[in-house]
Each structure stands twice: as C-alpha cells, then as structure tokens.
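Worksheet for the structure shown next.
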C-alpha cells in the first residue's frame, strides 16, 4: 500500500514518487544432503516501499509510465536463510476511467436591461393658469401638489421628467410658442421647489402643435365660444421616465 505524490512538469508530463509499505510472505525449500530430507520454511512481514517515476498522458484516459520501485529487507535470514532487497524497473500503461472531456462551461445569460417605463400625465392649462398667462394659480399649485405626490417615488438616479406646454391656435405661432415655453417652465420651477432634482426635470414648449380638438372648433366664430371650444388644446403634459 503506497501513497503517490506527483508534480506536473508540463500539462501532459508528471514526475512522481510513491511511499508506503508491502506485506510479504517468503517461502524456502532446502534439501538436506545428509538426511536426504527437504526442509521448508516461510516467513511473513512488512517492508518499506519506495518508488519514483515519470508519467506521460497520451490522452485524458490513457497514460504511460516508467517507474523504479525498491523494497527493503524481504524475509528473515534466521528463518529462511536470506534477507534480500528487491528492485523493479517497469514500463506500463494505465487507463483512467471517467476522464472524458469536461462539459463546456456555459456563461450565464446576462441579466436583461431594466425596462424603462414612461408614464404620462395631462393637466388642463385652464386649471393651472389664467387665460393667456403663465403664472400658476392657487388651484394650479394644488393640482401640482397632487401630481408631486405621485412623482415622489421616482428615484432621481433612474428617472427623468419632461414637462410639455401646449397652447390653442388663437394668436400667432411665435406668441403661442413663447407662452407654451413659459407655462412649461412655471410647472418645472414649482416641481423643483417641491423636491424634484433640477437635473432630472426639463421644460419644452410645443406651441399650438398637436391639437386634440382637431377640426371640431372650425365653425365656431364667436371668440368667447372659441376659447371654450379650444380649452382641451391648452394643456400641460408631463412625461415621467423611470426604471
């Protein structure tokens, strides 16, 4: 019984040593010329075993080795008449079971990128502002307070807010563009004062683009009635993008 200790020289070549012991039994038979009888003796014992060699892996399963083994003091000179040492030089082939190619390691699939969700809120400009004005009314501030309570869960590291201001078609394009920008900025300034990070919110004026009334007010001529008819176009839309 021996223990094998190996050291790799290359991927395919190892040197090794084996250390242990061997249980042996030695038998002798001698002929007595005087009596004409044969004498038989035997002895048993344990002797140390030392071995060293090189092993070359031809394949993962098959290897060849060259080894020298030495066993010390086999037998008892008083019992069997001799106590030799034993040396053995051997060349052999070994087969290792279960050494097939390892299954390729499959890297885990990367986690999917977090889905960016966009939420939309629409506020009536007539609630936020007086007609043709960009200063928030008390009712408008109350409406934004309610909106902020919904936005307060937004993580500023992972989201952004865009405020879009819209006007109706009454007035020139340039005037309406400027009014929509001022109204959007008023909403942004108020939400920043409530706690939305300034670098996570922006204002954009859309002028009289994208009217929601379509052509439903084309036949309305009286100004007051037209203002009422176009009220849905006067709005502030808020886009919240967050993960």
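In case you wondered, yes, glycine gets a Cβ from its N, Cα and C as well.
Within its own chain, residue 229 (disulfide bond) has 213, 216, 217, 220 as residues 6 or more apart in sequence whose C-beta sits under 8 angstroms from its own. Swiss-Prot lists 217-229 with the feature disulfide bond, giving similarity to another entry as the kind of evidence.
Residues or ranges marked as domain 'OmpA-like' by Swiss-Prot: 116-243.
Here Swiss-Prot flags 107-114 as region '4 X 2 AA tandem repeats of A-P'.
Annotation source Swiss-Prot lists site 'Part of salt bridge gating mechanism' at 65, citing similarity to another entry. Taken residue by residue with DSSP, residue 65 (site 'Part of salt bridge gating mechanism') is part of a strand. Its Cβ placed at the centre, residue 65 (site 'Part of salt bridge gating mechanism') has 16 other Cβ atoms within 10 Å.
Sequence annotations record features per position, and here Swiss-Prot assigns transmembrane segment to 1-8 (among others) based on similarity to another entry.
The transmembrane segment annotation in Swiss-Prot covers 13-21 (among others) and rests on similarity to another entry. Sequence-distant neighbours of the transmembrane segment (13-21) (same chain, 6+ residues past either end, Cβ-Cβ under 8 Å): 1-7, 46-57, 67, 69.
The transmembrane segment annotation in Swiss-Prot covers 48-57 (among others).
Under the heading transmembrane segment, Swiss-Prot lists 62-69 (among others).
Annotation comment: Swiss-Prot describes 88-96 (among others) as transmembrane segment.
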Item to check | Region pair the transmembrane segment (62-69) / the transmembrane segment (88-96), three or more CB pairs under 8 Å | outcome: yes
Next on the checklist: Restricting to the domain 'OmpA-like' (116-243), what is the model's mean pLDDT?
Outcome noted: 90
Next on the checklist: Return the count of C-beta atoms lying within 10 angstroms of the C-beta of residue 217 (disulfide bond), excluding that atom itself.
Outcome noted: 20
